Amino acid sequence: MPYLMRLALVLFCLMALVESRKPRRKRWTGLLETSKPSHLYKKNLDVTKMRPGKPRPLLRVEDHDFTMRPAFGGPAIPVGVDVQVESLDSISEVDMDFTMTLYLRHYWRDERLAFPSSSNKSMTFDGRLVKKIWVPDVFFVHSKRSFIHDTTTDNIMLRVFPDGHVLYSMRITVTAMCNMDFSHFPLDSQTCSLELESYAYTDEDLMLYWKNGDESLKTDEKISLSQFLIQKFHTTSRLAFYSSTGWYNRLYINFTLRRHIFFFLLQTYFPATLMVMLSWVSFWIDHRAVPARVSLGIMTVLTMSTIITGVNASMPRVSYIRAVDIYLWVSFVFVFLSVLEYAAVNYLTTLQEQKERKFREKLPCMCGMLHSRTMMLDGSYSESEANSLAGYPRSHILPEEERPDNIVVHLALNSELTSSRKKGLLKGQMGLYIFQNTHAIDKYSRLIFPAFYIVFNLIYWSVFS
């Protein structure tokens, strides 16, 4: 009997335990059913996730030696290039260089990077993968400075296609040398080139070419420069030879620039022309106004020197004559000649005054003879001198054999002259005064200087423009 009771008790406990577990299982099952994701929130399979025990890398980078070029030992690998110019930042005449920002893209095929894909879609990577695979070693020939942009991260993109084709793109700013010819400056045009070349691989290992010919170079239509007009962008290619290493493929990005002349017309040509014209003002100033004419000449000479110095400060020191040098120095010569012209006028005027002073010193004293109608002159005076004093024409002078020892000069200061004759004498004296104070050199200079300067400008602009 005790044995039966124990057995019944055990069975009862088991039944109670089974009944107690049934609601809990149902409750957990209900929770699992409510936590099932809807098809709207169903996520795609993450192919980058490494499953435990079954590693499946996307690119078998570790299985190959990427220090070697693709198809090493075989024919040269073709690498296509295209460029999109984002901006032409600056042109420096002093340093003879230019700065350009561009997108540089390379295209090649590396079978070691091929991967199976049912959708035939490419995979895009950032710059971290570039350090693990082979990429072309293209560099800029004659570059002074260059860098890859790194804001907010390195501006490098690598795109790999299932068949192994690779697109490698980066955003670069480069400062390169440009051989400029300033013989026609500022009426010049400059042609600059950005040159690309493989650093290590000759044409036997790497064939560098423009991927789409002339269409491989794209430019932004908004590119503009303050002093230049961009006329043309075009591409070329050729082989470059180095005596130590051999032949290399070299690609050229050529662009032609034409300088805007309006800036230099305002800053250089127009001020120089004004200074030359200002120097002509001295020809209309009385030659006895020494301070006015001297100060005007010095001012124009110093201003021309300042203009020439300012132009040379913004240009490289070249060993040949530029077009602007010809214009400025010819203008400087015109200004300097105007100063020399006044020096000649002043010198000749001084000589004339000395002769007149000596002539007046030979005249006898006229004290007490102011109302006299005539006066006696010594016979040592020439007939022209006596004639000029008396105011008679040459026809009234006696022949030499009939001339007495003393010459009688009738003075014009006679109180008995009629009023009409006095007015005529005053007009004649006024004309004689103007003629004597307007030197002949000044009169000719007023015409000669402008005429020669106009002829020079016609020749200059017809040759250089």
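The count begins at 1 with the first shown residue.
Any Cβ shown, glycine's included, is placed from N, Cα and C.
Keep in mind it's a predicted model, so treat the numbers as computed, not measured.
What Swiss-Prot says about this one:
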TOPO_DOM  21-260  topological domain 'Extracellular'
BINDING   Arg105, Ser169, Glu197  4-aminobutanoate binding site
DISULFID  Cys178-Cys192  disulfide bond
TRANSMEM  261-281  transmembrane segment
TOPO_DOM  282-293  topological domain 'Cytoplasmic'
TRANSMEM  294-314  transmembrane segment
TOPO_DOM  315-325  topological domain 'Extracellular'
TRANSMEM  326-346  transmembrane segment
TOPO_DOM  347-443  topological domain 'Cytoplasmic'
TRANSMEM  444-464  transmembrane segment
Minimum Cα separation from Cys178 (disulfide bond), reported as the residue among binding-site residues Arg105, Ser169, Glu197 that achieves it = Glu197
How does the topological domain 'Extracellular' (315-325) divide up by DSSP, counting helix, then strand, then coil residues?
-> 3 helix, 0 strand, 8 coil
Cys178 (disulfide bond) -> DSSP, reduced to three states, gives coil
Mind checking which residues reach the topological domain 'Cytoplasmic' (282-293)? Cβ under 8 Å, same chain, six or more beyond either end.
-> 338, 341-342, 345-346, 349, 437-439, 442, 445-446, 449
Within the chain of Arg105 (4-aminobutanoate binding site), which residues six or more apart in sequence place their C-beta under 8 angstroms from its C-beta?
-> Val81, Asp82, Val83, Gln84, Leu167, Tyr168, Ser169
Would you mind checking how many other C-beta atoms are within 10 angstroms of the C-beta on Glu197 (4-aminobutanoate binding site)?
-> 18
Chain residues outside the topological domain 'Extracellular' (315-325) and at least six past its termini with a C-beta under 8 angstroms from it | 93-96, 182-188, 264, 268, 460, 464
Arithmetic mean of per-residue pLDDT over the topological domain 'Extracellular' (21-260) = 84
Check Cys192 (disulfide bond) against DSSP and tell me helix, strand or coil, would you?
-> strand
Largest CA-to-CA spread of 4-aminobutanoate binders Arg105, Ser169, Glu197, angstrom | 16
